[in-house]
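Peer 1: I have a structure here, written as structure tokens, and I will follow up with some questions on it.
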Amino acid sequence: MRFSMNGIAVSVAVLAAAFAASTASAQEYPTKPVTIVVPFSAGGPTDTVSRLVAEVMGRELGQQVVIQNVGGAGGTLGAGQVASSDPDGYTLLIHHIGMSTAPTLYRSLPFDPTKDFSPIGLITEVPMTIVARKDFEATTLAELVATIKEKGEELTYANAGVGSASHLCGMLFMNAVGAAMTTVPYQGSGPAMTDIIGSQIDLLCDQTTNTTSQIKAGEVKAYAVTTAERLASLPDLPTTTEGGLEDLKIAVWHGLYGPAGLPDDVVAKLSDALKVALADPTIVSRFAELGTTPVAATEAEPAALTATLTAQIALWKPIIEAAGVYAD
Amino acid sequence: MELLSNLALGFETALTPTNILWCFVGTLLGTLVGVLPGIGPTATIAMLLPITFNFEPVTALIMLAGIYYGAQYGGSTTAILINLPGESSSAVTAIDGYQMARQGRAGPALATAALGSFFAGTVATFILAVAAPPLARAALNFGAPEYFALIVLGLLVSISLAHGSVLKALAMIVLGLLFGMVGQDIYTGTPRFTFGQPELFSGINFVSMAVGVFGIAEILRNLENERERDVMVKKVTNLWLTREDFRRITMPVLRGTLFGSLLGVLPGGGHILSSFASYSAEKNLSKHPEEFGKGAIEGVAGPESANNAAAQTSFIPLLTLGIPAHPVMALMVGAFIIQGITPGPNVINEQPALFWGIIASMWVGNLLLVLLNLPLIGLWVKLLTIPYRVLFPAIVVFAAIGCYSINMNAFDVFAIAFFGIVGYVLIRLGCEPAPLLLGFVLGPLLEEHLRRAMIISRGDPTIFVTRPISATLLAIAVLVVIFAMAPSIRKKRQAIFVEED
């Protein structure tokens, strides 16, 4: 009896607390600055996207939105920190495609991306581009594919480290071509791009955030963009489909999450603020310079992020397992 | 004369009241965070990025750049005064700078750092203006084999960082290399020596290690003996340089500037080597190498100039090609993008006012730094008269706060304590921390470039001798070893002759 009495008392208290919390959050949230954890170092593409969005969301929410960079272990340290924080709406996470590859790349991941987070909405999908050193012989994607098939491991492919977007794109690319190249990992996109420009290495597939200015300046040779449509910022660059590689579709999608158990009204408020941010003209123009666009308002919703996350986990699992790469 | 009109445009931009003001704010903030142990320019620039949103792009970048080179400048202050280097370059300054401070010559040490940095900054700014694009092109010839050869050379000459036993110096470099192995292997993702700690996956934090083995270990050593503490800093003799000092620092400053300017341009980690290279050069060229490690003013003048010149020229790859040379430059890329400018080869043509404005502002910033720092020397030196019961806890607290602020990670603070004890044990064993730190910094780079070169050559080691730059550097390394052996061989012979007599 005493146990159940205790149990009842506890559940009443929990209910009361939950009720108090939800009513308080409905009217007042946020009453103090909100922290968005970016699980990568400051200055990277994810950080840039996050800082742009945070600025406008802060204005909309009437509170400052602070970016905190918690880098390390391919983004899993920062994500783990948010997963175990209080679901009060004051600690959030912006993570990219790595959220969907982490469960396969890390065999001992301390969190479950589908269960330990409250998805809030998608932010943007950054396309990727296939580029080579500027003196590389192939001129079209078809020629490039033929060269790769012929030379195979004599060619070198750069990536920004295990689990990075360029690593994922490389795996898809080699799958689609049906031939392997020698993969050369770097620590981040910057050094990889440096060696492409310096003709130290042959190929790279990287986000438009990193490649657009170099393509426009003729420092690298570009072959294709990995989206269904051509980009407004690089109108002359064909898509992978046009070049005959239908299977090579990849975009680095970014999502906003809170820890699991975030009250629905807080999620709704954050999702609304995110929509306002994504419609902001400054953000649209800055994103355009990065070669990307904000997602449509219907995508900046929990349901859309959940759907993308689930689909992407299922997509990457077999590819990563087949390649046999693990990050731990 | 295009250069003159470009510079005129640059100064026109840099000398508007707003830009001078924010340049000053940036360099002041940079000096402050440089002085506070642990808080580095990366954390500061990251924190201040949001407030630059509403600035003009050129103003924002002038301020952020000011923070960076201001911090390079401020970092030497704590290295000299309390043996607390915040980054690898000031670790070298700490070797002789701190010894000078202990001898009551903190003033001349700080003045040397300030004047050397200003001179180097001026020259490097001029190099940026005259030769940035061709230098950046030349730097691109450095691939993995070249960096590997450069680092081998750097490690070999760094043995002269120690003033004691060569064997102990070698042991410290190797121990540093081993500490550098901790973390995820970048090629396979395999964790090494992480003991299941996720915090160790990205390696040991440099600041934890530097603050621990230098600063905390020194504090522990000072606490050994109550009497020793009172005599640690003898009375401060004078604040300014003597004529003799000026004579002694001239050549080191010139050589340091040359080393720093050239190495700073290399995007793959050249700037790290600049202060070490300069120190080694000075020690080997000096007529009194025995003074090094015991308060030689050349050991402050050379590395400080090299460090500041490299800080300036490491902007070259970013401004001309849009590629960042190190994490702070990566952050600057973020700052450009947030301002709506994508850094790349086109910036110089599309945004001439911005490009030349930043360059001109660097010179203005360096001038402001000298004007700011010279009068402060007296104040800094007074800091040393603070009683130890106040100063020591304050140093430890600031170091802990600074280190925590980098990654918001309590683990890094515990690491300071761990390395403090390691450093203390090493001092008791007569081993010096500087070679340890160099091994720690260069070890991961050495491995990264060695393995990358081998992957690119598909396992063929001749890649290191068939590429001309790499072959030349390795040949110099062999010569260094021969020269290093020669005196000891000669001495042994002499010793034998003495015995025979």
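In case you wondered, yes, glycine gets a Cβ from its N, Cα and C as well.
Bear in mind that the values here come from a model prediction, so they are computed numbers and not experimental data.
Under the heading domain 'DUF112', TrEMBL lists B:20-438. TrEMBL lists B:20-39, B:45-69, B:109-132, B:144-162, B:169-188, B:200-220, B:253-273, B:315-341, B:353-380, B:386-406, B:413-442, B:462-486 with the feature transmembrane segment.
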Peer 1: State the mean pLDDT for the domain 'DUF112' (B:20-438).
Peer 2: 83
Peer 1: Would the transmembrane segment (B:253-273) count as touching the transmembrane segment (B:462-486), i.e. at least 3 C-beta pairs under 8 angstroms with sequence separation of 6+?
Peer 2: no
Peer 1: Within this structure, do the transmembrane segment (B:45-69) and the transmembrane segment (B:353-380) have 3 or more Cβ pairs under 8 angstroms, counting pairs 6 or more apart in sequence?
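Peer 2: These two segments touch.
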Peer 1: Report the listed stretch (B:20-39, B:45-69, B:109-132, B:144-162, B:386-406) having the maximum count of Cβ pairs within less than 8 Å of the transmembrane segment (B:315-341).
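Peer 2: Going through each listed stretch, the top one turns out to be B:45-69.
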Peer 1: Counting only residues 6+ away from its ends, which parts of the chain sit with a Cβ under 8 Å from the transmembrane segment (B:109-132)?
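Peer 2: 3, 6-7, 10, 69, 72-73, 76-77, 80-81, 93, 96-97, 100-101, 239-241, 245, 249, 252-253, 256-257, 260-261, 264, 297, 300-302, 304-313, 315-316, 319-320, 348, 356, 359, 362-363, 365-367, 369-370, 373-374, 377, 380-381.
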Peer 1: Would you confirm whether the transmembrane segment (B:144-162) and the transmembrane segment (B:413-442) meet the contact rule of 3 or more C-beta pairs below 8 angstroms, pairs 6 or more apart in sequence?
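Peer 2: Yes, these stretches are in contact.
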Peer 1: Would you mind listing the long-range same-chain contacts of the transmembrane segment (B:45-69), meaning Cβ under 8 Å and 6+ residues beyond its ends?
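Peer 2: For the transmembrane segment (B:45-69), the nonlocal Cβ contacts are 13-14, 18-19, 22-27, 29-30, 33, 121, 308, 311-312, 315, 328, 331-332, 334-336, 338-341, 351, 353-354, 357-358, 361-362, 365-366, 369.
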Peer 1: Grab the same-chain neighbours of the transmembrane segment (B:200-220) for me: Cβ-Cβ under 8 Å, and only residues 6 or more beyond its ends, written as numbers and ranges.
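Peer 2: For the transmembrane segment (B:200-220), the list is 37-38, 40, 79, 82-88, 91, 94, 98, 179-180, 182-184, 191, 193-194, 392, 395-396, 399, 402-403, 406-407, 409, 411-413, 415-424, 426-427, 433, 436-437, 440-441, 444.
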